[in-house]
Amino acid sequence: MKSALFTRFFILLPWILIVIIMLDVDTRRPVPPLTPRPYFSPYAVGRGGARLPLRRGGPAHGTQKRNQSRPQPQPEPQLPTIYAITPTYSRPVQKAELTRLANTFRQVAQLHWILVEDAAARSELVSRFLARAGLPSTHLHVPTPRRYKRPGLPRATEQRNAGLAWLRQRHQHQRAQPGVLFFADDDNTYSLELFQEMRTTRKVSVWPVGLVGGRRYERPLVENGKVVGWYTGWRADRPFAIDMAGFAVSLQVILSNPKAVFKRRGSQPGMQESDFLKQITTVEELEPKANNCTKVLVWHTRTEKVNLANEPKYHLDTVKIEV
């Protein structure tokens, strides 16, 4: 009997010693400091979807720590709006011209298109076109008096003035936001780089124009960052020997000069630009753009006159197609 007990004792003895050693080692470990650990709530979501720890000391304590460690982001400056005033009139290539222009404007951020028809009422063609253009736009109309439609007289005067009047009325009772105005005739072609250049206009900015005045280009002559003359094919003695596509005006300048318009009376052919700019600026104040007026970023392309010699006098097709 005793031998059986001794046998069992010696069998259990190693296991008893192992348990005693393990208990002795565990009790000698240093006790970790009782510090609060962050609690990750499934309802607190940070930037990028990451969970944010909620402090045990209370929500106010946690918010204060975050605000101290991370500065508040500053709001970005507002991008100046570009207002493009485009006179247009009914002709076979009208929709084609406007389509090319819209495809350019659609790629320009913060642009508002003011389209002014030379008509007594808004046409269905232009109304449908603007509705599908996907652009912030305003559709105006004003007819040119018959006596001013003779060859050699300035064109689109009433339409440009209607666009100016709309701008002034829009900002009459509110603080004007940063903006830039330019006159975008529908027979021009524009580089997207031009819109980046004109957006920083402080008062009146200028640049070269291609395929105009019987030359490959016309441009302001610049020395030491100032306009000192004009490279032009016609009447370099004009106060501002520049094409309508060659300048932009700050919105604030337009609003500060409410009487500045394009004139009919006393204005000679080819002098519309000079007569308008004389009312709002001087040559010394002009801001050269396009690398000191050495890059052409707009072209007066003009669509070729359409040959419709074979067009039937009466509509013969079974369907009516808008062109």
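These residue numbers are counts, starting from 1, taken along the chain as shown.
The backbone N, Cα and C atoms fix where each Cβ goes, glycine too.
Copied over from Swiss-Prot:
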- Glu273: active site, proton donor/acceptor (ACT_SITE)
- Pro87, Thr88, Tyr89, Asp118, Arg155, Arg160, Asp185, Asp186, Asp187, His300, Thr301, Arg302: UDP-alpha-D-glucuronate binding site (BINDING)
- Asp187: Mn(2+) binding site (BINDING)
- Asn67: N-linked glycosylation site (CARBOHYD)
- Asn292: N-linked glycosylation site (CARBOHYD)
- 51-80: region 'Disordered' (REGION)
- 234-243: region 'Interaction with galactose moiety of substrate glycoprotein' (REGION)
- 24-323: topological domain 'Lumenal' (TOPO_DOM)
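The secondary structure of Glu273 (active site, proton donor/acceptor), as reduced to three states from DSSP, is helical. Proximity of Pro87 (UDP-alpha-D-glucuronate binding site) to non-local residues of its own chain (separation of 6 or more, Cβ distance below 8 Å) is seen for Val116, Asp118, Arg155, Ala156, Gln159, Arg160, Gly163, Asp185, Asp186, given in sequence order. Nearest by CA distance to Asn292 (N-linked glycosylation site), out of the recorded positions Tyr89, Asp187, Glu273, Thr301, is Glu273. DSSP assigns Pro87 (UDP-alpha-D-glucuronate binding site) to a strand. If you measure from the Cα atom of Asp187 (UDP-alpha-D-glucuronate binding site) to that of Glu273 (active site, proton donor/acceptor), you get 17 Å. Residue environment of Tyr89 (UDP-alpha-D-glucuronate binding site) contains 16 other Cβ atoms, counted within 10 Å of its Cβ in all protein chains. In the predicted model, the region 'Interaction with galactose moiety of substrate glycoprotein' (234-243) shows an average pLDDT of 94. For the recorded site, Asn292 (N-linked glycosylation site), the DSSP three-state label reads helix. Shown for the region 'Interaction with galactose moiety of substrate glycoprotein' (234-243): DSSP residue counts in helix, strand and coil, namely 0 helix, 0 strand, 10 coil.
Comparing local CB density within 10 A for the recorded positions Asp187, Glu273, the maximum falls on Glu273. DSSP assigns Arg155 (UDP-alpha-D-glucuronate binding site) to coil in the three-state reduction, placing it in neither a helix nor a strand. Cα separation, Glu273 (active site, proton donor/acceptor) to Tyr89 (UDP-alpha-D-glucuronate binding site), rounded: 20 Å. Remark: Thr301 (UDP-alpha-D-glucuronate binding site) has Asp187, Asn188, Thr189, Leu211 as non-local neighbours, by Cβ distance under 8 Å and separation of at least 6 in sequence.
Look at Thr301 (UDP-alpha-D-glucuronate binding site): DSSP puts it in coil.
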